[in-house]
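Student: Would you mind keeping the following structure in view while I ask a few things?
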Amino acid sequence: MNLERIPNEEKLSLCRRYYLGGFAFLPFLWLVNVLWFFREAFLKPTYTEQLQIKSYVKKSALGLIVWVAVLTTWITIFQHFRAQWGEVGDYLSFTIPLGTA
Amino acid sequence: MNTSDSEEDSYNERSALVQCESPTIPSYHQDHDMSLPQETDTKRGRPVSSGLDEPGLVERERAATPDGEEEELTLKYGAKHVIMLFIPVTLCMVVVVATIKSVSFYTEKTSQQLIYTPFKEDPNSVGQRLLYSLLNTIVMISVIVVMTIILVVLYKYRCYKFIHGWLILSSLMLLFWFSFMYLGEVFKTYNVAMDYPTLAMIIWNFGVVGMICIHWKGPLRLQQAYLIVISALMALIFIKYLPEWSAWVILAAISIYDLIAVLCPKGPLRMLVETAQERNEPIFPALIYSSVVVLSADERQRNEGGALAQEGVESEDDVALGGRRRCSAEEDLEEDRGVKLGLGDFIFYSVLVGKAAANGGDWNTTLACFVAILIGLCLTLLLLAIFKKALPALPISITFGLVFYFSTDNLVRPFMDSLAAHQYYI
């Protein structure tokens, strides 16, 4: 859908719903929120709802950064220590690479 | 299938005065579940109508401009639409071919087959194989016909909730289960360790955002990307689970069915289109791919008054067109004209190219089929611009594709191999 065509109240409501939805373990939704509403929030001339949209975009960005940090840490730990964890490592693994320890 | 052109129907009060009809396009998505005899809906392309469809617009244009002008616009739009459809179709095919070439899972034939193709082909006997593939095709096509008719009946009797539930279930299956399988196979191919928590996050995010984008509201590009991805996933499933010869016969049979269903007066797809047009409703978004052409402001000629709204008019001569004023002198309004192609078209095009890539692994054949399908698509869109009504998009492309596949495989490939063997370059 084209953001140009909908009134500002609907834009705000959409941004808000995307923001709230992201709390359900959905950092991707926050990413989409940030990318989609970035122009609306920061590069457009001011309108009434823009301040709130800005705040939602910023909060979504913050949440996204937190999730990226958490996931990167976990993935690094897992990839590094998987072999050493033995049984627990295998239990956690969806695919186990062949030919390595 | 049919490609259709429809106007963006969310005009606000500042929009141009002319109401654009959106020809609805029925698309049926066929979903096959290997283990459960689930219902499937067949995704089909929609009728395509050219962008200059709204009666008001066409009339005013005809009144104000000579006929050559209108033809020029039609052709300009036709060219733009062709390009707009090339890209997603190409992307879908690229994804399918890339997967086929790299992940061997989708080319390994298992003994497990879809329930829609109950007869197992015996590779030893040509006659029996031919017979069984014909029987498989008959079963599959009858399933499709029945599903299509059920969908049309449901639509006619306004059982929207049921249809929406059905569509949601099938896209749920695609977005979660098939992508889970796909990711698993990709990870195995590249020998990557993946843990369950990360995998769960990935699948969950992918699936939920996909459902939101497709069935509710989301950025257009993301929605288009998701539709391409689910078409590719579906095509991969077909390539894996349809037996060799049955797949080719099914492709041919589906094109014929498409032709009949869209063009015959009592064809289910045609009835669906007409019903939707009568009710002036858009077709379910989960079944069709729509791209929009957004005309930027500088492409339009404007009066000094700044209040001339021009709908979809790009040529300089349009300054002479008066009589179209917007309600308010706002800034530039962008005109959206869309082309719609059913997801079933994407799926079957990709199945054809994917099978060409899977058999023998020769790039000549794959590229030949790819080019054939694009040529077919061009021709279909040309016909669309001429006839301005719902057209099936499968027949021409699939015919060309099949012809090119079999001729390249049997004539060109041995020739090229011979040349290479004798080191003779032409």
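Each residue's number is its place along the chain shown, starting with 1.
Glycine too: its Cβ is placed from the backbone N, Cα and C atoms.
Curation does not apply to TrEMBL; its annotations are automatic.
Here TrEMBL flags B:1-10 as compositional bias 'Acidic residues'. The region 'Disordered' annotation in TrEMBL covers B:1-70. Annotated compositional bias 'Basic and acidic residues' per TrEMBL: B:29-44, in sequence order. TrEMBL lists B:82-100, B:130-154, B:166-184, B:196-216, B:223-239, B:245-264, B:367-387, B:393-412 with the feature transmembrane segment.
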Student: Could you check whether the transmembrane segment (B:82-100) and the transmembrane segment (B:245-264) come into contact, where contact means at least 3 Cβ pairs under 8 Å with the two residues of each pair 6 or more apart in sequence?
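Tutor: Answer no: the transmembrane segment (B:82-100) and the transmembrane segment (B:245-264) share fewer than 3 Cβ pairs below 8 Å.
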Student: Under a Cβ pair cut-off of under 8 Å, which of the recorded stretches B:130-154, B:166-184, B:196-216, B:393-412 contacts the transmembrane segment (B:245-264) most often?
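Tutor: Stretch with the highest Cβ contact count: B:130-154.
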Student: State the residues, same chain only, that lie 6 or more residues beyond the ends of the transmembrane segment (B:393-412) and have a CB under 8 A from a CB inside it; answer 'none' if no residue qualifies.
Tutor: 1-3, 45, 48, 248, 251-252, 254-256, 258-259, 341-342, 344-345, 348-349, 352-353, 355-356, 359-360, 362, 364-365, 368-369, 371-377, 379-380
